[in-house]
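Notes to accompany the following structure.
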Amino acid sequence: MSSPQDRAQYYIGQLDRELSKYPALNNLERTTGVPKAYAVVGVVVLYFFLIVFNLGGQLLTNIAGFGIPAYYSLDALFSANKEDDTQWLTYWVVFAMFTVVESLVSVVYWFPFYYMFKFVFLLWLSLPAFKGADIIFRSFLAPTLSRYFVHSRPASSNLRAKADSAGKAE
C-alpha cells in the first residue's frame, strides 16, 4: 500500500508532465526556480482561498465561468467537429440563464460561502468531463422551452406561397 506522500508525488509528477507542454510554464520554472506543478497548485489554492473568503469572489467566479468556457468555445469554433460546438452553445445558454436568475434573486446576502458554491457549480457546468450544462439543459430548460422552439412548419408558413399561387390563378 502506498503512502499518501507517494501518491501526492505521483500526482505532482503527472501534473508536471502535463504542464511541460506549455512553454510559458517551462520559462517560469527556469526563471524562478519553482517547479511548475507547485506554482500551478499554489495559484489554484490561492484562487480558491480568495473565493472562499470572498476577496473578489464575484469577479473570480465570473472569470472562471467565462475564461475556461471561452477558451474551449473558441477551440470548438476552429475545429471541424460540430459536436463540441453544440456542447459549448448549450453551456452559454445555461450560463446566461443562471446569470439572469442570479441577478434577479439576491442570494448572495443570505447564502454563506455563495461564491465558493457558485465556483464549483460553474466548474461542473463547464468542464467537458462532467457536461453539467448538458444535464441542466436536458433536465430543466429543454422541457420548459422546447414548446416555444418547435421546428415543424406552422400553418402560416405556406401562406405567402398560397397567396402567390392564388394570384396567378386569377
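Including glycine, each Cβ sits where the backbone N, Cα and C put it.
What Swiss-Prot says about this protein:
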TOPO_DOM  1-35  topological domain 'Cytoplasmic'
TRANSMEM  36-55  transmembrane segment
TRANSMEM  57-76  transmembrane segment
TOPO_DOM  77-86  topological domain 'Cytoplasmic'
TRANSMEM  87-103  transmembrane segment
TRANSMEM  106-124  transmembrane segment
TOPO_DOM  125-170  topological domain 'Cytoplasmic'
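Note on the topological domain 'Cytoplasmic' (1-35): mean pLDDT across this stretch is 92. Beyond its flanks by at least six residues, the topological domain 'Cytoplasmic' (77-86) meets no residue of its own chain at a Cβ-Cβ distance under 8 Å.
Residues of the topological domain 'Cytoplasmic' (1-35) grouped by DSSP class, helix first, strand second and coil last, total 26 helix, 0 strand, 9 coil.
Remote same-chain residues near the topological domain 'Cytoplasmic' (1-35) are listed as 41 (criterion: CB distance under 8 Å, separation of at least six residues from the stretch ends).
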